[in-house]
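Comments concern the structure below.
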Amino acid sequence: MGMSSLKLLKYVLFFFNLLFWFCGCCILGFGIYLLIHNNVGILFHNLPSLTLGNVLVIVGSIIMVVAFLGCMGSIKENKCLLMSFFVLLLIILLAEVTLAILLFVYEQKLSKSVAEGLTDSIQRYYSDNSTKAAWDSMQTFLQCCGVNGTSDWTSNKPASCPTDPQVKGCYIKAKLWFQSNFLYIGIITICVCVIQVLGMSFALTLNCQIDKTSQSLGL
């Protein structure tokens, strides 16, 4: 019974981490795609590297490393790798909870910083080609104009602005999108946390089962 339980746990954890690894590959690939085709980070002059593409590349890479440890630890029945997998998942989970709390506490300050960064970048629209391309790309994609509306453009509004006189600003439109999709973002976040807790539980259970099997075999 002990050996069959060990094999079952081993392959469940292996396929769980294999799926986890493929998800990491997809996130990494999407992050690289955004880095190549998206230049919105240029708009935030103080933090040009803090973009969605960079975040996804880092997250995808971490997921792939953690999943690799889980795969190797389960298939090789290596307690050291399994505990490394468990500890890394625990650190990631704690980091996610901390980040969620910080975003909640500093939501107003973050929103203000984003709005100020976008307003500052408008001043560089006609002097910097990269900023111009980033604004044109964002206004075309979101179908918005300026930060809060067309009045943000002191001179003639760019051709990338929609012709609708009632068009909303990009900051307002992005904020409305997040508010309208907050439930779905929350559900996805909770699902990710549940998957991480399951992975940690599988790793600990397999680790304990390896000990029990070793003891029963007199190793």
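Each residue, glycine too, has its Cβ placed from N, Cα and C.
TrEMBL does not curate its annotations; it predicts them automatically.
For C161, the disulfide partner named by TrEMBL from the candidate list C145, C170 is C145. Within 10 Å of its Cβ, the residue among the disulfide-bonded residues C145, C161 with the fewest other Cβ atoms is C161. Within its own chain, the transmembrane segment (182-206) has Cβ neighbours under 8 Å at 6, 9-10, 12-13, 16-17, 20, 70, 73-74, 77, 82-83, 85-86, 89-90, 92-93, 96, 100, counting only residues six or more beyond its boundaries.
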